[in-house]
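Colleague: Heads up, here are the entries from TrEMBL:
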- 1-33: region 'Disordered' (REGION)
- 7-24: compositional bias 'Polar residues' (COMPBIAS)
- 46-120: domain 'Cation-transporting P-type ATPase N-terminal' (DOMAIN)
- 95-118: transmembrane segment (TRANSMEM)
- 124-140: transmembrane segment (TRANSMEM)
- 311-332: transmembrane segment (TRANSMEM)
- 338-365: transmembrane segment (TRANSMEM)
- 459-482: region 'Disordered' (REGION)
- 469-482: compositional bias 'Polar residues' (COMPBIAS)
- 772-793: transmembrane segment (TRANSMEM)
- 809-834: transmembrane segment (TRANSMEM)
- 855-875: transmembrane segment (TRANSMEM)
- 904-921: transmembrane segment (TRANSMEM)
- 950-970: transmembrane segment (TRANSMEM)
- 982-999: transmembrane segment (TRANSMEM)
Amino acid sequence: MGETEAKSTNGALHTHSSADSTALASPDDQPPICGPQHAIIEKSILPHTLPASTVAENLNTHVDHGLSSDEAAARLERDGMNTIKTSKGPSLWEIFLAQVANALTVVLIAVTVLSFAIDDYIEGSVVAAVIVLNIVVGLVQDYRAEQTIQSLYALSTPKCKVIRNGVSDTVKAETLVKGDIVVLATGDMIPADLRLIQGINLATDEALLTGESIAMSKKPEAVFQDSDMPIGDRTNLVYSGSSVTRGRGTGIVIATAMETEVGQIAELLRQEKRDTTGKSPLAKFIIKAYTSFRGIMGLEGTPLQVTLSKFALLLFGLAILLAIIVFAASKFDISDEVLLYGICVGVAVIPESLLAVLTVTMAVATKAMVKGNVIVRQMPSLEAVGGVTNICSDKTGTLTQGRMITRKVWLRNDLEGSVTGAGDPYDPGSGTVSWSAPLAGSVLSQFLTTLILCNNSTVTDGRKEPETDSSSVTTANDSDSQWRAMGEPTEIALKVFAMRFGKNHSNGDDLLAEHPFDSSIKCMSVVYGNKIEGTRTAYTKGAVEVMLTYLDEDEKLKNEILAKADALAEQGLRVLCIASKPMGDSPAEDVNDRAKVEKNLKFLGLAGLYDPPRQETAGAIQACHGAGITVHMVTGDHIKTATSIAYEIGLIKKGMALPPNAVMAAADFGALSDDQIDQIENLPVVLARCSPLTKVRMIQALHRRKAFCIMTGDGVNDSPALKQADVGIAMGDRGSDVAKEASDMVLTDDNFASIVTGIKEGRRLSDNIQKFLLHLLTSNLAQVLLLLIGLAFKDGDNNSVFPLSPLEILWANLITSSPLALGLGLEEAQLDILQRPPRSLRTGVFTMDLVRDQLVYGTCMGSVCLMVFMLVAYAGPGKGFVDLDTGCNTDGGSHCNLIFEARATTFATLSFLLLVTSWEVKHFHRSLFAMDERWSGPFSVFKTIYHNKFLFWSVIAGFVMTFPIIYIPVFNTEVFKHRGLTWEWGVVAGGVVLYIALIESWKAVKRAFGLGVDQHPTAGMTV
């Protein structure tokens, strides 16, 4: 039914007989197995090179009677269950350890221990609470994600029919053993790798394994000479995980569990990233210990994980250095008060709430992604996906729908029809059909009748079929229907095309004979008759090169047919020839004679079929190019088909000459060494006929170019590359369990466009992480400057006076800043987020612009806070720079009123500056008073600050909470070491106005000199 024709999508129509199973295919038809062969488990026999009877002898079984029950039980005991050993999901304990084992948590634990060591139980308890919050949120989120993934896996154990003791029986697929005889029928999932014994019209869907988008016809009788031929060309074998789309057959189990082709790919996923083969025990121990240490320190993982871990270690070192500076200022005469001041400075430099805010922000973003049909298995990968530079995508079922559609038809008399805009391949009302000329006098009706009658598929919307006029050429349309189909994809596509014109039944004719598709004959015929009218008609479809010999047409028309078939094949279409003839004058017994049915046929037309792109794919590809991301198609399909789809989805620009190596067959790519691949200026945009290891080599080649890669896919054959990629994204609906387990994210709707949503969300998250990092680090720098310079504020005992008390510092860092940072984490994506180049992986979130802004913002904030403290403590009394009162760091009393008022003024100023900064950092360049392009005018600032309601109310809450903290009696003086204010509020207001003026001036300078402005990605992301 056209599957053999599908193997010739390079445009060459084979004229040799397909019955010769050893015939050589064209180069495009050879999907090579590239890369190191040691990764594949070797079988002890090569069943495709032996007759089925010999395979049976080698496995000590009988082709008719199978194994005995006792022998099957003994082999099951010896070989084990027929199950794939996949890498099990992380346990609750492992998820817990992953939350604890990171550098920032280790730093916070150290702060907690030190706080309790000096009996500062309040500070220690607060930091411990932050650690617990982070662990709980991360644990719950990761555990829920893993449970969601597990729910996508198969819920029941499949069963299959086997012959044992000469009797057919149904057993669990996991109990199959080598030598079992398995019976296959249409719709069955193949439970193990089989060497076919016999088959009638048998075809299987191997898309998940080989990437082929069309069912593969099988030839049980074939015996091949090439022991290393690609698995997709071994047509006398069927593979575990594939399904029977047509026909029936029997086969001998030749491999189970991890020895199947699926098992071999799963084994690749189980291998350690660091190969320790041949290493000594000591070397293995050192490598494992080194890897574990890097993992605990967070130096392995996504760019965000590594950057934050290095940052945490840097802060820890800086905190120790600052504490040493404090101790040195007191000439290392370390009293309890000096020790407390040193810890205060150390705590000030560490953003205690960073990890909690980051975890909560990612959890919220993950929930948003679930609504967008993306399950995030690893939270850090969500941020990482925002920095991708390259996407390597499988074609079948990812960029395309994984279903066939009739795209073009060509009727005799040179009448051509084209289908456009077809979204659902099963819906006859989806899309439109346009014709090159009027249909009057055409053979369309006979053509459509042949498509319907010479067809064994079923297409239905679940309703009773309406009575239709068979001569109608009006396209059917029912937008509310849910269309479903069953059968071979090629036949479904042909039937759907006929149903577009109301054809869906035989008009009362009876089926007199059926001559099924055969791989050696490459065509199918049926004969229908009408007893009332006494008519009989034969309807035939098949491969063009075969059908030409059956046609009763002149050579001129045959040459036109062949030329048109070539033209359609060049477009990546799979071409079938449709013909019919009346048999009313023939003897009745002729209908059962295939040779007589399939001769002197009248040519009706050609049908060109293909696997259509998803509707959203072209827009998603365009969005990727606009974002500076290069998309590569890596597929197991034929090079012509892949190239045609690449043109259609905009991966390759139409009307432009292809640069060298833009489109490559895996045979050519695999023949290159790594050095030769690295010398190619641009890696292939289309890489066709890929094996699993070819895809892995492509990912490795991109890594050598310092690219950050996404790999998408749905098949078992995509799993190793999913694991090798920086971010692996599997398809949740049509995807295999092995692919899901290897991935970092899963698309529940199998929609490539959801990846763009993920990239946008990742970039939004990255932007927002920078915003709240700037906010938190500005606060930390301001406090460090204030406290270090505050060492000069001495009391009568020559002890430094705290400009801020320890609890004020924690309140500012945790209570005031955390909700603001979380609100910044919820900022919506900026309008131009997909018109920017990917961020640099070297700098990560800590860009030069962020560091520069942090230094300016922090210096301004620290300077203003220092100014207000000095105004109240020194200028207010009018005594100048003199020694302050003693004992005001740990104790209180009326003599400390001045210091307490100065401290309260500094605390209020710092709190209000943090509130204002949360609005200023919403955009690194635009003024707060003209920040959003959507609003203008003097009151636009109010719309800007209210648009993010969480942030707005966090600011209001922070503002309101400042007053009770300052004024509640006893609580203010005994806990926070400050007291209520009066005239000092004027100083606070002046400090806030001065700070806003400084920040707005800095932004104006940045705009004037173009500091930190991202350049638009250069053109040429498409070929």
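The first residue you see is number 1, and the count goes up from there.
Including glycine, each Cβ sits where the backbone N, Cα and C put it.
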Colleague: Could you break down the residues of the domain 'Cation-transporting P-type ATPase N-terminal' (46-120) into DSSP helix, strand and coil, giving a count for each?
Modeller: 45 helix, 1 strand, 29 coil
Colleague: May I ask whether the transmembrane segment (311-332) has at least three C-beta pairs under 8 Å with the transmembrane segment (855-875), counting pairs 6 or more apart in sequence?
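Modeller: Between the transmembrane segment (311-332) and the transmembrane segment (855-875), which are separate recorded stretches, there is no contact, as judged by 3 or more close Cβ pairs.
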Colleague: Name the range, of those listed as 311-332, 338-365, 809-834, 904-921, 982-999, that has the largest tally of Cβ pairs under 8 Å with the transmembrane segment (124-140).
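Modeller: Looking only at 311-332, 338-365, 809-834, 904-921, 982-999, the most contacts with the transmembrane segment (124-140) come from 338-365.
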Colleague: Do at least three C-beta pairs under 8 angstroms join the transmembrane segment (904-921) to the transmembrane segment (338-365), pairs 6 or more apart in sequence?
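Modeller: No; fewer than 3 Cβ pairs under 8 Å.
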Colleague: Take the domain 'Cation-transporting P-type ATPase N-terminal' (46-120) and average the pLDDT across it for me.
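Modeller: Overall, the domain 'Cation-transporting P-type ATPase N-terminal' (46-120) comes to a mean pLDDT of 80.
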Colleague: Other than its close neighbours in sequence, what residues sit by the transmembrane segment (809-834), given a CB gap under 8 Å and a spacing of at least six beyond its ends?
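Modeller: 123, 126-127, 130, 344, 347-348, 351-354, 356-358, 360-361, 364-365, 623, 626-627, 756, 759-761, 763-765, 767-769, 771-772, 775-776, 779-780, 783, 907, 910-911, 914-915, 918, 921-923, 933, 947-948, 950-952, 954-955, 957-958, 961, 965, 976.
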Colleague: Where else in the chain does the transmembrane segment (772-793) make close Cβ contacts, counting only residues six or more beyond its ends and a cut-off under 8 Å?
Modeller: 322, 325-326, 329, 341, 344-345, 348-351, 353-354, 357, 361, 800-804, 809, 812-813, 817, 820-822, 824-825, 845-846, 850, 853-855, 857-859, 861-863, 865-866, 869, 873, 884, 906, 910, 913-914, 917-918, 921, 924
